[in-house]
Amino acid sequence: MMMILKPLSSHHVSNFRLSVSFLHSVALSDAKVPVEEEGDDAETVFRMINGSNLQVELKESLSSSGIHLSKDLIDRVLKRVRFSHGNPIQTLEFYRYASAIRGFYHSSFSLDTMLYILGRNRKFDQIWELLIETKRKDRSLISPRTMQVVLGRVAKLCSVRQTVESFWKFKRLVPDFFDTACFNALLRTLCQEKSMTDARNVYHSLKHQFQPDLQTFNILLSGWKSSEEAEAFFEEMKGKGLKPDVVTYNSLIDVYCKDREIEKAYKLIDKMREEEETPDVITYTTVIGGLGLIGQPDKAREVLKEMKEYGCYPDVAAYNAAIRNFCIARRLGDADKLVDEMVKKGLSPNATTYNLFFRVLSLANDLGRSWELYVRMLGNECLPNTQSCMFLIKMFKRHEKVDMAMRLWEDMVVKGFGSYSLVSDVLLDLLCDLAKVEEAEKCLLEMVEKGHRPSNVSFKRIKLLMELANKHDEVNNLIQKMAIFSTEIPR
């Protein structure tokens, strides 16, 4: 065992230790994080995509490489691009290059991933062009899942009206499969990307054109903060003769727990058992979170034991919910004991687990232990997510630790984790504040080469910094590289 946090009286944070099995000591240089092998074809193609600025360059590289473009390879390349935030336009060229091969047909996974990449980068015209191309060559690839991917990106960046318009545009494109599953995809999108109120309003305006099923109501029940709204849909569902399943009950239990109506949640669990619907791990995890909201972390921990008695065993998410409760209560020793327990049961802490402790360290402004935790996270072969990166980069900025910030950035670039856009805003701000022109230029170039456009504020600051350092040729080179972005480059 080892101590990782000293007593922090100013923040009322108690001592706690972190298990050796959870956070075994390891040097960062020795950290073994899974990445693509150097000789892997997917990694080679990925580098071609991000290393080419022109369509002709990419085609020549692919043609001369001798790499056989199979469905599996293209799936892996597109997955790599998605999670590494690669160049969207060059990725589309790669996708079309493969489509043009005689006898080749993409997988539905490739299509949906390509559409996601385009949508994330606001390339909506290209999305509809690609869908039309796909309909002509292989209509079977377009599914309700495809529609949900597209609508999700539209809803994320546009209005509810534009999202519904895109829904009807899909109907005109592929009218033959337009049914309740598509209606459900629209509602799920609105619940996830807009608001429950928007989903409710669209449901009531369109429900007579479709036949709502159990999945429709399961979607509409999830996410409400008011139990009255959820109960109204529950009653409407029963009025249509639909029998609730475990998902239905879990959704309503979630509403009760978020509304701090824990007794209603327990009564509904009893009703589930009466109806011979067995509560699952999601049911218990929801209750654990609800007990934390009303300040009962000890009772929540007992739920972990209780669920085992019913033959349901906690997973990482269930443990994370209980750990979160103790972190909120500043009982970090108890939180760590749960980490110890989950590891002994063969469950590996994930990025969410680490983030619970990163949050505490961030509130305590404890730079040293945050860095130590990050090193050990990589050593335990757990890749940080965007939230982990933001906890760290903000702390590095507060302490003006350029070396740590640059190391985090290098790890992101090499290992492919985190959001370049979000992290770069903070990182470049730090580098500009400290007049670190070489480092700022390096980060900006790496970001552009990955296919990500820096924010206008960051670009203007770095451009000014480079001009003051008489790096005019480098500025021109940077502007040329940013030509891959269709939007105007700020002057």
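Using the three backbone atoms N, Cα and C, a Cβ is placed for every residue, glycine included.
What Swiss-Prot says about this one:
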- 179-209: repeat 'PPR 1' (REPEAT)
- 210-244: repeat 'PPR 2' (REPEAT)
- 245-279: repeat 'PPR 3' (REPEAT)
- 280-314: repeat 'PPR 4' (REPEAT)
- 315-349: repeat 'PPR 5' (REPEAT)
- 350-384: repeat 'PPR 6' (REPEAT)
- 385-419: repeat 'PPR 7' (REPEAT)
- 420-454: repeat 'PPR 8' (REPEAT)
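Per DSSP, the repeat 'PPR 1' (179-209) is made up of 28 helix, 0 strand, 3 coil. Long-range contacts of the repeat 'PPR 1' (179-209) within its own chain (CB-CB distance under 8 A, at least 6 residues past either end) are made by residues 144-145, 147-148, 151-152, 155-156, 160, 163-164, 167, 170-171, 215-216, 219-220, 222-225, 229. Helix, strand and coil residue tallies for the repeat 'PPR 5' (315-349), in that order: 26 helix, 0 strand, 9 coil [DSSP].
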